[in-house]
Each structure stands twice: as C-alpha cells, then as structure tokens.
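K.L.:
This structure is in structure tokens; I'll ask about it shortly.
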Amino acid sequence: MGIENESPEPDCQKQFQAAVSVIQNLPKNGSYRPSYEEMLRFYSYYKQATMGPCLIPQPGFWDPIGRYKWEAWNSLGQMSREEAMSAYITEMKLVAQKVIDTVPLGEVAEDMFGYFEPLYQVIPDMPRPPETFLRRVTGWKEQALNGDAEAAPEPPCLPKEPAPPSLESQPPRDQDSEVFCDSVEQLEPELVGEEQRGALGGENDTRNSPEPPAEKGRLEGPLLGPQELDSWLVGTVRALQDSMRDVQGRLQSLESMPMPPEQMPPPSARPRPLRLSGPTLIFFLLWPFIVQWLFRQFRTQKR
C-alpha cells in the first residue's frame, strides 16, 4: 500500500515525461531562452521528482554553479515526487505562456511552437499559440512528406517522447558530472545548453559567470564560461599554493642560514667568582661574633 501511495498518478507521470522531453529537445539557438531562475526551478523539480529530497552535501565555495543548483534542490525540502512532477508541469505551462507572449510572431516563433506540440496531446490546459501557427507547422510537415521540402521551409524535428524511466531504479548521484546538468538527466534547456549553446544573449558560445538568479537571465555579452571559470579558479588556487610554497621555502632557508658575526648576540657574561683574600674572608665570618662579644663587654662594664 505504501508503494502505491508514493507512486505518482499515471497521467501526472506521463505529462511530466512529455514536459521533460520538450525541455530536452528545445533548439540550441531558438528564439526563446529560459531565464536563470527558470532553469534552476526546472532542475530542482526534476531532481526532486526523480531522486527525492536532496541528501547530497553542499558543494564547496569553489563550485558556485553547483551551489546554486544544490540550494535550489535543497529548498524543496520534503516535497513528494508527485508534487514535484506537478510543479514541473506547472512551470512548463508558465514557460509556454511566456513563449506565446514574448516570442516574435514570425517563422522562428512558428518553429518554437512546434516543439510544444507533444504537450498539447497530454496536457489539456497547456497554453496554445494561435491556430494559424499550428496550421502552418502542420502544412510544413505535409509538404515535407509529399517531397516538396525544397519549395517550403523545412519544419523543425519534433521531439520524441522518451520511454518513462523507472523512478525507483535510479541510483542517487553525489554530484553532477557536468557544469550545469547531469550526464544522463539532461533536462533544462539552459542547465544543459548554457555550456553548449553559449550565453543567454544567444550570440556567444560562452556562458555568463555566476550571478544572482534574478540578473543572470538578462545579462548579455561575452563573459567567462563555466569551463573557463573553473579553469581560472583552479589556476588561481594553484598559483596561490605555489606562492605559499615559495614563501615557506624562503623562510626555511632563512632560518637555516647562519647569522653573520656582526649580528650574532654577544656571549652571555658568566658571573665571576668572588675573589677575597684570606684575612678578609675570616673577617666576614667572625665579625658577627666579635660584635656580639663587644656588646656583652659593654653591658658588663655598665653594670
């Protein structure tokens, strides 16, 4: 009974797998690129839905991207897998609506809408573009099938829905092998595509350096990519280590070098023994007795 309660509903899992398939197959240079916050939300919901609560340790300070991902996943706490799948689907709906509202209504937009078509079959309330765009995409497919691909624009390859993986059979992973995506669980368009597609501006093949999530999705321009940033950090740390070793070596060499004679401290003066003559020494030994004898003589005479 416990397993049945924990397993997600079939419809929810089917919708989740369709949404993951769409995210995986978004074009590398498409007209829409999710923001940094959206990428982190997709990543955290996917990890929660497939692996459960975050149990891996927090990455070190030298892995800022890994820390962002860990914090996003860890923030979900004890959210159930079904709730995470539902949240992933809800986020997918918001992204689809954002595409409809923001992407220019041109041929590129028609391309983009085609990638969401598998979701319309499994998610009834999925936001849809105007029917004219869907008809144009359908017309492209028919022309391609009829052999008129040269006379009409070639439609984009629609993503194929992968076979749903067994959630219980997935072993836990300590840390992602890639900078922003798992080597097997390629889910987010930018968590996968950031290191492959370039910055969010869409014109460079490098990714912005880690910035706060609210600003990351809006930055443009060639900044350090994740691999370049990692290489730079590793090089900096190694340079610091080399500098520390050099300083330690110099200190050890200075400590082992003999000091010049002019800087050597003078030898400590040893106390000289008290040299007294024999009569003087006898006087020092007998003077208390002499004083005592004289004092007694004085008292006797006084009486």
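Including glycine, each Cβ sits where the backbone N, Cα and C put it.
For 23-32, 43-47, K69, Y88, the entry in Swiss-Prot reads acyl-CoA binding site, with the evidence type similarity to another entry. The feature compositional bias 'Pro residues' is assigned by Swiss-Prot to 153-165. The compositional bias 'Basic and acidic residues' annotation in Swiss-Prot covers 204-219. Annotated domain 'ACB' per Swiss-Prot: 12-101, in sequence order. Per Swiss-Prot, the feature phosphoserine maps to S166; the stated evidence is similarity to another entry. Under the heading region 'Disordered', Swiss-Prot lists 148-178, 191-224.
Explain the structural surroundings of these features, please.
P.N.:
In three-state terms derived from DSSP, N29 (acyl-CoA binding site) belongs to neither a helical nor a strand segment and is classed as coil.
This prediction places the mean pLDDT of the domain 'ACB' (12-101) at 86.
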K.L.:
Please spell out the DSSP helix, strand and coil residue counts for the domain 'ACB' (12-101).
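P.N.:
DSSP composition of the domain 'ACB' (12-101): 61 helix, 0 strand, 29 coil.
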K.L.:
Among I23, L26, the binding-site residues in question, whose Cβ has the most other Cβ atoms within 10 Å in this structure?
P.N.:
I23
K.L.:
Let me check the 10 A CB neighbour count of N29 (acyl-CoA binding site). How many other CB atoms are there?
P.N.:
11
